[in-house]
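First up is the structure itself, then whatever we jot down about it.
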Amino acid sequence: MKKLMLGNEAVARGAYEAGCTIAAAYPGTPSTEITEYIAKYDEIYSEWSPNEKVALEVAIGASIGGARAICSMKHVGLNVAADPLFTVSYSGVNGGLVIMVADDPGMHSSQNEQDSRFYARSSKVPMLEPSDSQECKDFVRYAFEISEQFDCPVIVRLTTRVSHSQSSVEIGDKENFKLKDYVKDANKYVMMPAMARRRHVEVEKRMAALREFSNSSELNKIELDSEEVGIITSGISYQYVKEAAPNASILKIGMVHPIPEKMISEFASKVKTLYVVEELEPFFENQILKMGIKVTGKQKLPVMGELNAQLIAEKLFDRKFEASQQVQAGQPIPVRPPVMCPGCPHRGMYYVLKKLKLNVSGDIGCYTLGALPPNECMDTCICMGASIGVAHGMEKARGSEFRKKTVAVIGDSTFIHSGITGLIDVVYNKGNSTVMILDNSITGMTGHQHNPTTGFTIKGEPTRQVDLELLCKAVGIERVTVVDPFDVKELEKVVKAEIEADEPSVIISQRPCALLKSVKFEGSRKISREKCKTCRACMKIGCPAIVDKKDHLEINPALCVGCKLCTKVCSFDAIERMDT
Amino acid sequence: MDKLNLLIVGVGGQGTLLASKILGTVALKMDFDVKVSEVHGMSQRGGSVVTYVRFGKKVYSPLIEKGEADLIIAFEELEALRWIDYLTGDGKMIINEQEIDPMPVIIGKAEYPENILETLKAEHSIYSLDALKIARRCGTIKAVNIVLLGVMARLIGIDRQIFADAIHEVVPAKVLDVNLKAFEEGYNYHR
């Protein structure tokens, strides 16, 4: 049976068909749906872990315990999970262990454009890369087999266009994988220097065997056609190449590490001009050049952003494309950047921080949008959990006067991910930072996933809930205040008091995400033309539903949910129910 | 029809994803190879969104470049203007007559372009309608996407029964009737 599937959904299906029984992940675009789809299979234990490092450790434990396990993350998540990755490469596996990593060329939803293929090389772990949904499913099954055959974890790399494109997939049967025996083996699983030295020898042997395997594996394919032009490519770039150069000979690499060197030499000898088409870094290109083969790649193609068929045809074959239509010039088209939703709890918080003109050390989540107009209220955003350490570093560099004008803002899920360690650092090293935990009862930006503070598991079952207030107190924060960000007067009072205090403090800004089904508002408001003095105080909250019509202000009833934040900043009672 | 490059453009939250899911199902029913590509996450949340849908004997790239779209369904007027360059010379565009101000316009830093429909109609094959009003009449404003699919089905001559079957498969049972009605309204709009 054929079914249309997202790449991510096909990965889930592949894991299911391979008899995988354990899945752990931390959400991150574009990888999130992998684990959401896996969680729909009753046969697979699934969890959202607090972060990618823990997720990989859980998967490693499951593998050593004899199960087939899968762990999924976005590219920057692999930075967090890099520590266990480099050592599980030495210890190897028992049941198959597959690590899914989704890169984001073009940075549709990310803070950098790193190329995860280098992780495979530096951790000495094989990596596969599918180019459509069918291959997503097939390659995951291969990955489990390779993992067990060569006693190592296997990384499967996706990119946004593979993860988030739907194409047809042939559904297969579920393999009946039997839990392997648990064998105590300290020489293999306890990585102390003496054991690790012996394991490193095994790693090198394994990589030699994998290099041979790569040359004969059906994961790598030669499609011979023109003798003039040959193109080496992989992943989504293969699909673009097929359209940009329909007559070229192609070597499609499915095993991106280790690369099939013999196959590449053979292919190179059969064509006059050889190109490498790969997104981001010259990963294949540099290895092929080192083999002494003449090849063109990044001389002509960009190292930034995504590729596409037109771009490849233009850069490699000098074909010109002109959009057939041109809108008459002179009419500028305004951009439409993403915004925080109407009713968003973060809006009340930013209103206060902007009013107080504070420096804001930011973090990763929906609230990062506060850096854009109209809030323009975030100074830094580096990585998950960074807000607290960065605020602490600023205080140490610039002293207490600066600190009294600075707060760190971090979401509930991000705080659990890696903010808590930063907070412990503040306490331990005599910092006085004010940290605002934006507790909206969900992991928002990635599309509503549960986390340790929400009280529910990935499967929606009730579970024990981390108490943020008690947690902060337990690490040594004595000043912990819980406040509703829509009570802007109270929030302003609390923020002023906490930044002044000569000790570390936490403000838990608590109000659920406006998109949660449990959140009910009273319905759209309107602005009374009689009462409104057009003072524009309501514009300061930056709500997309309030529109400045120059001579008057209006609420767009199709967008307004009736959260009433605007009524709290209006001094003239001019914002009313629709029926008044 | 032996191939179709279709763009669905709009504003995050307008229901473009459901429309693309139905279209993918339609393509499979017509024995086409199909790819549907969309981006989730940060780029949603009220921002510009685009979904690429490609039918054909064999489809490689999931993307559609400038000058390659046979048909564009625009859920909003400014987005119609933004993506017009993607139409082929004889491509068609269906536009939902709705304006949603982007943040730069809301805060007075940019102007919402005037006379978008007239401008586009002067040079292109444009089929516009107030799909929001039609959807509301059918019972839910959420069915805007289905109204637009109805318009599309007639415009490119796809058997309405294939669409009806796809809607059956994709839409939850409790809102099925409303959506089928919305589809018919759209299908009969440009008779």
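Note that Cβ sites are derived from N, Cα and C of the backbone, with glycine treated the same way.
Heads up, TrEMBL stuff is auto-annotated, nobody curated it.
Marked as domain '4Fe-4S ferredoxin-type' by TrEMBL: A:523-544, A:551-580. The feature [4Fe-4S] cluster 1 binding site is assigned by TrEMBL to A:Cys532, A:Cys535, A:Cys538, A:Cys570. The [4Fe-4S] cluster 2 binding site annotation in TrEMBL covers A:Cys543, A:Cys560, A:Cys563, A:Cys566.
The list of residues near the domain '4Fe-4S ferredoxin-type' (A:523-544) in space but at least 6 beyond its ends in sequence, with Cβ under 8 angstroms from a Cβ of it, reads 339-342, 347-348, 350-351, 354-355, 373-375, 551-557, 559-562, 564-567, 569-578, 580. The Cα of A:Cys560 ([4Fe-4S] cluster 2 binding site) lies closest to that of A:Cys538, out of the binding-site residues A:Cys535, A:Cys538, A:Cys570.
Ranked by CA distance from A:Cys532 ([4Fe-4S] cluster 1 binding site), the binding-site residues A:Cys543, A:Cys563, A:Cys566 have A:Cys566 at the top as the closest. The two recorded residues A:Cys535 ([4Fe-4S] cluster 1 binding site) and A:Cys543 ([4Fe-4S] cluster 2 binding site) have their Cα atoms spaced 16 Å from each other. Neighbour density for A:Cys538 ([4Fe-4S] cluster 1 binding site): within 10 A of its CB lie 24 other CB atoms from the protein chains shown. Sequence-distant neighbours of A:Cys570 ([4Fe-4S] cluster 1 binding site) (same chain, 6+ apart, CB under 8 A from its CB) are A:Ala537, A:Cys538.
Sequence-distant neighbours of A:Cys543 ([4Fe-4S] cluster 2 binding site): residues of the same chain at least 6 apart with a C-beta under 8 Å from its C-beta are A:Pro342, A:Arg347, A:Cys560, A:Leu565, A:Cys566. Of all the binding-site residues listed (A:Cys535, A:Cys566), A:Cys566 sits in the most crowded Cβ setting, with the most other Cβ atoms within 10 Å. Residues within less than 8 Å, Cβ to Cβ, of A:Cys563 ([4Fe-4S] cluster 2 binding site) and separated from it by at least 6 positions along the same chain comprise A:Pro342, A:Gly343, A:Phe486, A:Ala514, A:Phe521. When DSSP labels each residue, the domain '4Fe-4S ferredoxin-type' (A:551-580) comes out as 5 helix, 6 strand, 19 coil, counted as helix, strand and coil in that order.
DSSP assigns A:Cys532 ([4Fe-4S] cluster 1 binding site) to coil in the three-state reduction, placing it in neither a helix nor a strand. Mapped onto three states, the DSSP output places A:Cys538 ([4Fe-4S] cluster 1 binding site) in helix. The least crowded of the binding-site residues A:Cys532, A:Cys560, judged by other CB atoms within 10 A of its own CB, is A:Cys532.
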